[in-house]
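Single-structure report; data block below.
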Ligand SMILES: O=P(O)(O)OC[C@H]1O[C@H](OP(=O)(O)OP(=O)(O)O)[C@H](O)[C@@H]1O
Ligand SMILES: O=c1cc[nH]c(=O)[nH]1
Ligand SMILES: [Mg+2]
């Protein structure tokens, strides 16, 4: 399949530019990521199926669309930085089930190291939306999908804010069946595996740890 969807809505682009700026505070960065999470979730759920139900307005009966109840989703956040997008998505979909996978990049090998994994028990009956603001080398996203595939969910999508071409290529090579949604594709990775121009270390900027 090998799909990349660029979600380049003007509101998202504007907010992303504010996030990238070096002097944007932790509080502003956090709020912008939450707001972008809402907008991204709106776009990425565009294909959710609907069902018609009979309702009454104050003036008339009608057959009206609602989300099909059998279409069950789980949002999987790659910690830490995924939590920032997750907060926005949950504002839009407050009853969504949530899974967490804790991964950090080893700074020398740039490989993902797992430290936490907790998913809803019925994930094999659900469609998974994995969220992480950054797709850099792609090692974290690939590791998350590797782990989730062991649990056999119905489908998976990967949603991020910024992707590097190298990360997209690596992810496509390993998981051509999982579509990527991103708000921007940047230029390249530097020697430390940071996205250029990027926004820096998303987790550190979100939580003020640097
Ligand atoms: O594509 P990759 O090269 O794997 O890089 C992307 C990963 O790096 C960041 O997490 P980080 O390891 O910094 O952990 P953190 O969120 O706890 O800061 C980011 O949130 C991704 O998970
Ligand atoms: O640029 C990058 C690359 C990986 N992780 C980040 O948070 N930022
Ligand atoms: Mg980090």
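Keep in mind that glycine also has a Cβ here, set from the backbone N, Cα and C atoms.
The annotation 5-phospho-alpha-D-ribose 1-diphosphate binding site is assigned in TrEMBL to 80, 105, 132, 133, 134, 135, 136, 137, 138, 139, 140, 201. What TrEMBL records for 195, 200, 201, 202 is uracil binding site. Here TrEMBL flags 7-209 as domain 'Phosphoribosyltransferase'.
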(request) Write down the Cα-Cα distance for residue 195 (uracil binding site) and residue 80 (5-phospho-alpha-D-ribose 1-diphosphate binding site), rounded and given in Å. (result) 17
(message) Please report the distance from the Cα of residue 138 (5-phospho-alpha-D-ribose 1-diphosphate binding site) to the Cα of residue 195 (uracil binding site), rounded to the nearest angstrom.
(response) 11
(request) With 5-phospho-alpha-D-ribose 1-diphosphate as the bound species and 80, 105, 132, 133, 134, 135, 136, 137, 138, 139, 140, 201 as its recorded binding residues, calculate the greatest Cα-Cα distance and give it in Å as a whole number. (result) 17
(message) Filtering 80, 138, 140, 195, 202 (binding-site residues) by proximity to ligand 2: which pass a Cβ cutoff of under 6 Å to any of its atoms?
(response) 195, 202
(request) List which of the binding-site residues 132, 134, 136, 140 have their Cα within 10 Å of the Cα of residue 195 (uracil binding site), in sequence order. (result) 134, 136
(message) Around residue 202 (uracil binding site), which of the listed binding-site residues (134, 136, 140) come within 10 Å, judging by Cα atoms?
(response) 134
